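Notes follow the structure.
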């Protein structure tokens, strides 16, 4: 087969491969996994609400059993959540108390990151599917996209870890045993305190899981973004330049042998 024909066939095969790879890349980038898991992350965290409680029974027969129910939820400023602690003396009936701790910082950071992640992926989806030629021709777009993707990878890891630690502290602060330990009436002999039901934290636990899933999604997505940057193209050009030298020499040697 002539050398020119073989070169043309190789170039055609390479073009088809790149074209199919580009279509596959746009399909993978366009699949709405980051958008969905971003919604799941900030939705499950921002919509959480729970309750904890305890019962206080005074030894004084004039006092009935008092049930304490404390409601809490996002943004988890527990030090602003009030509840009434019953008193077992005859002078007063109750005293206003507060839960312990303010865990709004990791929770709000987690929800804010999820919202920004959702809006950015929606905007990127429009660019990838509608303006892919402009994205491929302008080399600044892939570089900006790559830097933003790396930033989201780092922020998702920090947000998921911080929210997981904050959730652990919230569980400790809202346990019924912590509630009874904070009430002074439970430390004396004039009352008997019993812990109520433990708050259900299933939805909050799922939000932490969604946070780490978003981290892995963005980390995997980073490779596809990097392939569109000039840095990846420069590496391919160097590899092709190194590979063309030996192939041209071997072709020349083969032509000399055929002439002989």
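The backbone N, Cα and C atoms fix where each Cβ goes, and this holds for glycine too.
Cross-referencing 206-226, 227-247 with TrEMBL places the feature transmembrane segment at 206-226. Note on TrEMBL: of 80-100, 143-163, 164-184, the range annotated with the feature transmembrane segment is 143-163. Averaged over the domain 'MARVEL' (22-230), the predicted model has a pLDDT of 87.
Counting same-chain residues at least six beyond the ends of the transmembrane segment (143-163), those with a Cβ under 8 angstroms from any Cβ of the stretch are 45, 105-107, 109-110, 113, 117, 120, 124, 207-208, 211-212, 214-215, 218-219, 221-222, 225-226, 228-230.
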